[in-house]
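Participant: To start, I am sharing the structure in question, which I have written as structure tokens.
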Amino acid sequence: MKQLLEKWGKGIGIYLALMIVFPFVMPDEYYRSVGIIIGLHAIVTIGLCLLMGLAGQISLGQAAFWGLGAYTSAVLTTKYGLSPFVGLVASAIVPGLFAFLLGRAIAGLQGYYLAMATLAFGYIVQIGITEWEPVTGGASGMISIPQVPFFGDSELSMYYLIWAIVTCVLVFSLNLMHSRVGRAFRAIHKSEIAATSMGVDVRKFKLNAFVVSGMFAGISGGLYAHYMGILDPQPFGLHESIKFLTMVVIGGMTSIWGALIGTVLIGFISEGLILLSEVIPGLQGDVDTIVFGGILVLIVMFMPEGLVPRIRSAYEKAQAKKAKETAAKTQSGERVERKAAT
Amino acid sequence: MTELLQYVANGLVSGGIYAIVAVGFITIYNVSKVINLAQGEFLMLGGMVTVALIGMNLPYGLAALLAILAVTVIGIIMQKYIIAYVKKANPISLIILTIGISTLIRGIASFIWGKDAFSLAPITTNEPISFGGVTIATQSVWILAAVLIVLLLLWYLMEKTILGKKINACSINPMAARLMGISPTKMSMLAFAISGATGAIAGIVIAPLNVTSYDIGVLLGIKGFSAAILGGLGNPLGAAVAAFLLGIVESLGAGYVSSGMKDAIAFLVLIGMLLVKPSGLFGERSVGKGGL
């Protein structure tokens, strides 16, 4: 733990404090459930961030892995009466397996081709879930999915369960970034050719990133199913994938913290929009799509590196400036002293 | 046999629409190396603006013409103020950018027109035409005619006119084109205008066949993108052929397998294609150095 603190400094401390305190600052069941949903999204976006920021790949079908996880666990527990824990393990494995197969198939693809392939995969999964009615309940969905028994099933205990998992995922990803694997990923991001020539097995690394991000999404999906208790195929489509993309892009693709902060930010913006639509009666249609679309466009235009890296570099610049100023001050001070001496 | 022919006829109609979208993609891609994922929204806007203008008691023809014009202007604005701004972005950023634009347009459309579906009267009649056991809507004939005219005009523009040569020059080597006094930025703007206009036309002609609503652009855009990739990015002829094939495969799938699986079949074909031959059916045409 001490080592952890040394490695990431205050960040993780602040995160833990905020995370633990939040349900008591907002002691409303509704805000706790918002916190839970944000946590679930964060697990997906941290995985997506590993894929996009580190491996430099894009996935426009992340919601499909989410949905696969949700339905795997839901079907196993509801139809076959297995324990939710077994369901959750399966909800990591099955999407991981799909990610492996898809990733193996498309590991050679880049840019637009990759985008198209993941987009197509997302549609196939959503349609598949909708059409496989005997198992998934089709468009009308599934009901009475059991809760995860974790110190009772109140919103509060669920909140801590989810955020404990978010923390594990976060620590895992941060560790990964600072390891040899992370460096290899960053090399791939900069230049695949250079990485290959340095002995990095690009295909393998990209595939691993794909599988890990798929598994994260799957776990989150499984938890989502048990938390909600009901499921239908609607939230696992392109709209959700774009939402995940927005979360990662706004925080900064290359930063795990960015993904987390972006998720929280988008979560609060969504809540704010819901409040706003209650206040302004004339608001119709998907106001949130306008906001998300606008954010994506503005970020790529004016802040392509994202919020967190931008703030970090601004902070570092300010630090450097301060250091320079103090250095200049002491230097001029010295000069004055020297003058006085002569 | 008539069943099969019926499916093929249906497939040709939807394939025609995909062809327009796909060629729109490629027109932009060749000049600016941008895949404009907002292409489907051009179709949606074409249909919706026409409906809205007819709602203001404008005659059909005028409404359609104004809608095409409006979408063309939107395409130009998009290029001039957004795409041109991020000249040096990598493909991932460009994908995110155009997805953002498409989401934004869709959101604004749902804000203005709501989420209801609207219908547009067919250009001539609602009477279906029977042709040796195969029945198609009269509007389908209009669609196919419009598609063929648009594709032919585009071909003529690209291959036979000096403007087309300029666009090609920019796609092959923008630097050399600039030295010859051709502005790649202007040509890129022109490409956006062309795909805006063709997209709007496609959107208007298909609107009477189904209903039109704020979200029809997504799937149409993605299908067009699929066709563009199936045919080999950068190859307009390949894309058009692939689009018709995609339409037919989809329609056969809907007929013989399950109508719910229609879209999934199209995408499975695409993924399969990417596995076997990522460069597309007819090979990716080398599009030179292109770029803004």
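Each residue, glycine too, has its Cβ placed from N, Cα and C.
In case it's useful when we look at the structure, here is the feature table from TrEMBL:
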- A:12-31: transmembrane segment (TRANSMEM)
- A:38-60: transmembrane segment (TRANSMEM)
- A:80-102: transmembrane segment (TRANSMEM)
- A:111-129: transmembrane segment (TRANSMEM)
- A:158-177: transmembrane segment (TRANSMEM)
- A:244-269: transmembrane segment (TRANSMEM)
- A:289-308: transmembrane segment (TRANSMEM)
Participant: Which range wins on Cβ pairs under 8 Å with the transmembrane segment (A:111-129): A:12-31, A:38-60, A:158-177, A:289-308?
Facilitator: A:38-60
Participant: Examine the transmembrane segment (A:12-31) against the transmembrane segment (A:80-102) and state whether at least 3 Cβ pairs sit under 8 A, considering only residue pairs 6 or more apart.
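Facilitator: Counting Cβ pairs under 8 Å (6 or more apart in sequence), the transmembrane segment (A:12-31) does not reach the transmembrane segment (A:80-102), since there are fewer than 3.
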Participant: If I count Cβ-Cβ pairs under 8 A between the transmembrane segment (A:289-308) and each of A:38-60, A:80-102, A:158-177, A:244-269, which range comes out on top?
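Facilitator: Going through each listed stretch, the top one turns out to be A:244-269.
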Participant: Looking at A:80-102, A:158-177, A:244-269, which one has the highest count of Cβ pairs under 8 angstroms to the transmembrane segment (A:38-60)?
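Facilitator: By Cβ pairs under 8 Å, A:244-269 leads among A:80-102, A:158-177, A:244-269.
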Participant: Near the transmembrane segment (A:80-102), which same-chain residues lie under 8 Å Cβ to Cβ, leaving out any that are not at least 6 residues past its ends?
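Facilitator: Here the qualifying positions are 65-66, 68-70, 72-74, 117-118, 121, 125, 146-149, 207, 210-211, 213-215, 217-219, 221-223, 225-226.
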